[in-house]
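Database features (TrEMBL):
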- 41-126: disulfide bond (DISULFID)
- 57-82: disulfide bond (DISULFID)
- 68-94: disulfide bond (DISULFID)
- 169-380: disulfide bond (DISULFID)
- 284-329: disulfide bond (DISULFID)
- 13-372: domain 'Peptidase A1' (DOMAIN)
């Protein structure tokens, strides 16, 4: 049994996306809902000899991305090489590409620090450079982290003989950390008391979903039915830096948040002064009129009551986003083109900002998600990346 594999996570300030080093100076964008590992192939990598009809090719095309061509082997299926269809998580664009063998150059870890260098053999899809549009400067592709067979966690698990799970700690600044293959978990003084909630399947997608029973603002339940939240579920996404909400969830939550913020001065908070909204946000405020505390801006806490009985708490650090000097907006955005109650769309999509400085333990084998907010005096960037010699 091998050791888990460790990679530092960097947040790109221009795009709010997260990257990990992959090999030879190349970095890949982390996509929690991504199905494949893909990168550009200008180096002339030779395709892997994988037939279109093979089980591996079926895995690569098990979940066609919206708008991508339906994979087909045609009548010459036994001789035809496999074609995959990598997609850009930001633009939604996709392209046809062959599969090739590459390596994930990283370190093994004991959960506390790096132990030794390792090259993990990974099967990736080739993509044209135009597929890099809107991704961080210098990145060469995407590392999908979904529950699919050719996503990075599954491939590391197979190559390293470790568990099919990964830990993610997304940073607000400094390096975060990704650990593929299980524990022991870092920060044991905190993670031993980690909360867990089931990972659920929605619509045949391998993306990671959890279920919420209710939403509270402070201690007041928002008038959203449990059925509305169950329809579509709560999806986790790293391609967005904010929360996307279906209309039947968005309107009651925003109204409750506004009401609670207006009531805060009675408890000693400053009076928040609204300013002109900055798209795509509806509620924006003058930062000088928002108090600060260790949890970020002094705004009402939003609590998602999850299956399993634990709450995912969004403090001002996770529910507000600075859009320009002096202006911060409530990081809730209404989904466009989706009807209220439409079960084909998630009820809630939690973005990167809502996961920052949380330790998230995605366990595809036990079908559960562990989550823990790190205390404000530590954080993802406190992981020890120095390897002892």
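Positions of Cβ are set from backbone N, Cα and C atoms, glycine also.
Automatic prediction, not curation, is the source of TrEMBL annotations.
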- Packing count at residue 284 (disulfide bond) (other Cβ atoms within 10 Å of its Cβ): 20
- Nearest of the disulfide-bonded residues (68, 82, 169, 329) to residue 41 (disulfide bond) - Cα to Cα: 82
- Query: Taking each of 57, 82, 169, 284 in turn, which of these disulfide-bonded residues have a Cα lying within 10 angstroms of the Cα of residue 68 (disulfide bond)?
  - Reply: none
- Taking just the CA atoms, what is the gap between residue 57 (disulfide bond) and residue 329 (disulfide bond) in Å? 44
- C-alpha spacing of residue 284 (disulfide bond) relative to residue 126 (disulfide bond), in angstrom: 42
- Query: Between residue 284 (disulfide bond) and residue 169 (disulfide bond), how far is it from one CA atom to the other, in Å?
  - Reply: 28
- Give me the non-local Cβ neighbours of residue 329 (disulfide bond): same chain, 6+ apart in sequence, Cβ-Cβ under 8 Å, ordered along the sequence. 277, 278, 281, 282, 283, 284, 285, 320, 321, 323
- Query: What is the interatomic distance between the Cα atoms of residue 94 (disulfide bond) and residue 82 (disulfide bond), given in whole Å?
  - Reply: 16
- Please report the number of other Cβ atoms within 10 Å of the Cβ of residue 57 (disulfide bond). 22
- Task: Measure from the Cβ of residue 68 (disulfide bond) and count the other Cβ atoms within 10 Å, all protein chains considered.
- Result: 18
- Item | Inter-residue Cα distance where the pair is residue 169 (disulfide bond) and residue 82 (disulfide bond), in Å | 35
- Could you work out which of the disulfide-bonded residues (82, 94, 169, 380) has its C-beta surrounded by the smallest number of other C-beta atoms within 10 A? 94
